[in-house]
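> Okay, here's the structure, questions in a sec.
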Amino acid sequence: MMISKLIAAALTLMATATLSHASPETDALAQKLMKSMPGLTIDSLSPSAIPGLFEVVSGGDVAYVTLDGVHMIQGTMFNVPARKNLSERTLSTQRAKALQELDPASLIVYKASGAEKQVITVFTDPSCPYCHRLHDEIPKLNELGVTVRYALYARSGEGTLTSRQLSEVLCAADKKTALMRFFANPSLNSSGADCDQAQGLERIARAANQVGLKGTPHIVTNTGYASSGYMPAPELLRAIQQGS
């Protein structure tokens, strides 16, 4: 639930706000929201399609709030005649923007074979069983024209065994081989490593929050369509083509 997530964020995060189409009206509303929920991070705040109702995006979720900052609605907004999901359109834009902020040097890329039809960014964790299954699908995805970009994400958090493994992978001369070692044995010990590429793990963690990651593998296309969990390669390609 976004509202509970916002409340939790209020207890733990430093207050920041990045407003879309900032105006005195949205600035004032942002201040009201952050006063009510100190520490709230606002990724986007802008007028919605309904007069008097404003769209607020935080941590990959969207809600709608009145101008006085008193009432908030969680849910999906549709344009009925056009049959368009307006909430998803906003979130797709936010996800695509988050991907653009990733450091390419911190990504592990498996290029499509032949003509490239799709590019997907997969937030993956060697300790995640379904990430293993999706990893086995990469050759098939490449054959289908899908380029896969791995964004290494430690579900267990910073300072854990997985995070040390991921830093070691990104500092390795052969990142793909290093990653396969930990896919093959997720409990394999690692003392970690420090290099410029490994610094990108923090940016990946921020992006994971912005794209609404709630589990791995989490897949995002360049247009911002997102899908969580494992699907066989042909099914995944159909899903991202339809979603994009």
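In case you wondered, yes, glycine gets a Cβ from its N, Cα and C as well.
What TrEMBL records for 1-22 is signal peptide. Residues annotated as domain 'Disulphide bond isomerase DsbC/G N-terminal' in TrEMBL: 21-88. Annotated domain 'Thioredoxin-like fold' per TrEMBL: 113-239, in sequence order.
What does the local environment look like for each feature on the list?
Counting residue by residue with DSSP, the domain 'Thioredoxin-like fold' (113-239) contains 56 helix, 21 strand, 50 coil.
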> Per DSSP, what is the residue tally for the domain 'Disulphide bond isomerase DsbC/G N-terminal' (21-88) in helix, strand and coil?
16 helix, 25 strand, 27 coil
